Amino acid sequence: MSNSSPETVSQPSQEVKYGEREIAEGQLITFPNPRVGRRYDINITLPEFTCKCPFSGYPDFATIYITYVPDERVVELKALKLYINSYRDRYISHEESANQILDDFVAACDPLEANVKADFTPRGNVHTVVEVRHTK
């Protein structure tokens, strides 16, 4: 049994948590493609994307699907997860979030092809899917 009083346990801490720090410091990291010259697809699903509507401030939820054909670099998955988590408190539209993710992804790994699909959870009886593409 803990000696902590309920008041102590429920007090919000001003200390930055390690996960928050990793998200804030996160950037897309890449490593060398182990099979340069071989054309293959990498499919990534990120089911916990969140951001905030720039008009209402309400949270938006989406599953982000990234499919790409690597050239010389491959994206490291933990770094990608932290990058995606950095959108949590950003006020950004569905359209801009999908485009920004693609722009940053292409800048990081310069793939031969990339596709980002943002499938947003319906809100107010509206279901939005934004799909953007890049071809080298």
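We count from 1, first residue shown onward.
Heads up, the Cβ atoms here are built off N, Cα and C, so glycines get one too.
The DSSP secondary structure for Cys53 (active site, thioimide intermediate) is coil. Taken from Swiss-Prot, the feature active site, thioimide intermediate applies to Cys53.
Secondary structure at Asp60 (active site, proton donor), as computed by DSSP, is strand. Marked as active site, proton donor by Swiss-Prot on the basis of sequence analysis: Asp60.
Residues or ranges marked as substrate binding site in Swiss-Prot (evidence: sequence analysis): Val75, Glu76, Leu77, His94, Glu95. Annotation for His94 (substrate binding site): same-chain Cβ neighbours under 8 Å, separated by at least 6 residues, are Asp60, Ala62, Ala118, Phe120, Thr128, Val130.
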Local Cβ density at Asp60 (active site, proton donor) - other Cβ atoms counted within 10 Å: 21
Inter-residue C-alpha distance, Glu95 (substrate binding site) and Cys53 (active site, thioimide intermediate) (nearest angstrom): 11
Same chain, 6+ residues apart, C-beta under 8 Å of the C-beta of Cys53 (active site, thioimide intermediate), given in sequence order: Pro59, Asp60, Tyr91, Ser93
Cβ atoms near Glu76 (substrate binding site) (within 10 Å, other residues, all chains): 15
For Leu77 (substrate binding site), the number of other Cβ atoms found within 10 Å of its own Cβ: 12
